[in-house]
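Heads up, the thing below is written out as structure tokens.
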Amino acid sequence: MIITKSWLNDWLELEEISSDKIAKTLNSIGIEVDRVGALKAPDKVVVGYVKEKIKHENSDKLSICQVDIGSETLQIVCGAANVDAGQFVAVATKGAIMPNGMEIKEAKLRGVDSCGMLCSSLELGFEKINEGIMLLDESIGKLELGRPLNTYEIFNDELIEVELTPNRGDCLSIYGIARDLAAALNLNLKEPKPFKESENVLGIGRILRLAAEKELNGLYNYRAIGLKEEIQTNLLLSLRLAQIEGLGKNSIENLLNYATHSTGVLFNAYDLSSFSEKDEEFIINLSKQVHGETKVSYKDKLLSFSGIFQNNESRCKDDSKIIIIEANYTDPLVIADAKIYHKDQDEKMLYRSFRGSEPKLNLGMDFLLGIFEHIPNLVIYSSSQQILTDKELPIIPISIEGISDIIGQNVDKDEVLKILKKLGFELILSGEGLINVKAPLHRPDIKNLSDICEEVVRIIGIDNIASKGLEFIEKNRLNSAYKNYIEFLNLRKRAVASGYFESLHYVLDNGEELKRLGFDSVKLKLINPITAELNTLRTTLLNHLLNAASLNAKNSKKIIKLFELGAVFNVNNQELNRIAFIHSGLKEEAKISNKAKPESVQFYDFLLDIKNIIGDFKLKSSKYNILSPYEQADIYLSDIKVGFIGRLHLKIENERDLPKTYICELDLDLIRQDFKIAKPYSKFPAITRDLSVLIPKGFEYNQIKNCIEELNLEILENFRLVDIYSDENLKEFYSITISFSFRDINKTLEDNQVNECMDKILNTLKNLGLDLR
């Protein structure tokens, strides 16, 4: 969105306010300024008058002009095709430095002296407005010969480009920007004077009638204009339109574009003569379409869809004699819903209507007619035809205390009311300190108290709000369902990190397969199972995982690592949460380190994976028919059995066509991850000792472990089994080696402290009937 200071001056008194302050103010109220740049004609460029023009004898394209600049008459050779006697022009005199760096000097062109240059707008550093030189007129101010061009406001201006968010369609006009600036700078907004109807002219009812359906989603205002000759766009409008890339060849379209950019009101101009016969009444039909948009038509001929596009055949031409001017507004929500159903679209029109154009149609029409009335040989038909549907605006109750609470500091009631009034809000004071607020139609984004607070803060300035810590008072929203979700999510992440892929299966299973695996069936049977294979609720996750692993093995997968987390049911139909794992086949892929001969998965590998997923646990002997009698165990956490682990029985491996396979199933409700309390790390070195102990075959290491833990030796950091050895000489015994690590957190240990602990450990082992090797 491009604005200039001089254009803003049409709506606000900004002569005493610098462009820098305007830019800072715009930024502070949420209208982001992209750039600020000067638009100034060079020095020594003055107003001149072409007194005489003759052809150059030695050139077909050059003319010799006598140009009066007040103090003298200059002879200037000019190559512009549009130069002629009787014109006011911009004259660059000797010594002028042009924007491209060229210095104007006296010169001879084809043997004729030339003492200056007649300039185009492009040569002066402005946008191009026409072919040839720029012709001056009094739209820029009174023309005085010899007056420096940069003393005219339009030629000594500053351009401001702003970036608008999609919800600020109300600022897509000079009037909209000025409205916000008026509130921020406490200025009065200039409104266009209501158009004064001329006497002794025909009324619009003679040539135009509206036929409209009820409940249209829009507002409409029509005026008629009679043209006796083609009109021209004056210099001021041309320069401003060129700055916003809105200058076209059709003068009527140019005036509409100018009025739209100035006021924000959308306009269409229809050529009456191209549709209706002479002396025929022009009846405009307005009908609401399926998606809420309004179709504007004459008989069976489409004129436009409001806010979406205008039919090119209905547009006014250079030779149009009677034109109908339409100012319209359509609810932006309707445009958003309807635009996708129209192949033909006017992007510039949609850009405004989709964000919300200015609904003050009379303001826009008065502004446009104020331009038309200064154009000669033109008749403005009296009166207008309007369709103004009353849209009930929502009422937002507010209080100054509520606004102060949200903002974080007390705000003055009068200041709040003044800000809201300047922004166009309707205020209705009620009892008990409440104020009912109606947001203006041009601000459809204002929905609640928070939006109103944002408007107040925007105008006051966020920098003027004192910083204050926010107090968040909120009850704990962490319930058991959320905690379960986080717990299960973390388990899934750790399983995936260990190389396992998650499987998902139906909660139904094959009862016969479960029975063969040794699992009980639920008491209640399914009356109408979806398939014969899924005829009961599952009591384990393992059967589905075994079937999935078997399918993968048949598809030549060498490493099969799967897990599933889900619900199972006990024999009493109670739902339980379980997680199960399966690792079948090879331990790793073939690679250089294993000489392309990877080993099959081992029990220890599988145990290590489970430890990485659920943490430390203990193993105790078990007896499950589904598992190998030589490689199986129950898993305990804090002396509570939470599941089992082991190798799948060889018979079942063969039945399912599986390679070496290990499985594990755990009760999710029993493996909660408690918060670990961090302890300080000792800076002092550890002392290690090893013991080799003879134990009978079949003796459980857990007995040794439990007895040592019961000693509660303060300096014993950890101990672990590091070796198991047997040979013929040991007969019915194993030799196991246990490594002990001792450390004090406060000091370096002495040997006698460690020896004392080792003696206690040896006595404990003797009490178990064990001897050193």
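Each Cβ is built from the backbone N, Cα and C atoms, and glycine gets one as well.
As annotated by Swiss-Prot, domain 'tRNA-binding' applies to 39-150. Taken from Swiss-Prot, the feature domain 'B5' applies to 391-467. Residues or ranges marked as Mg(2+) binding site in Swiss-Prot (evidence: sequence analysis): ASP445, ASP451, GLU454, GLU455. The domain 'FDX-ACB' annotation in Swiss-Prot covers 682-773, and the record cites sequence analysis as its basis.
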(request) Determine how many residues of the domain 'FDX-ACB' (682-773) DSSP places in helix, in strand and in coil. (result) 30 helix, 32 strand, 30 coil
(message) Taking the Cβ of each of the binding-site residues and counting other Cβ atoms inside 10 Å, which one has the highest number: ASP445, ASP451, GLU454, GLU455?
(response) GLU455
(request) Starting from the Mg(2+) site formed by ASP445, ASP451, GLU454, GLU455, give every other residue of that chain whose CB sits within 8 Å of the mean position of their CB atoms, in sequence order. (result) ARG443, ILE446, LYS447, SER450, ILE452, CYS453, ARG458
(message) Under DSSP, is ASP445 (Mg(2+) binding site) part of a helix or a strand, or is it coil?
(response) coil
(request) According to DSSP, folded down to helix, strand and coil, what is GLU454 (Mg(2+) binding site)? (result) helix
(message) When secondary structure is assigned with DSSP, how many helix, strand and coil residues does the domain 'B5' (391-467) contain?
(response) 33 helix, 14 strand, 30 coil
(message) As a quick check of your reading of DSSP, tell me how many residues in the domain 'tRNA-binding' (39-150) are helical, how many are strand and how many are coil.
(response) 5 helix, 42 strand, 65 coil
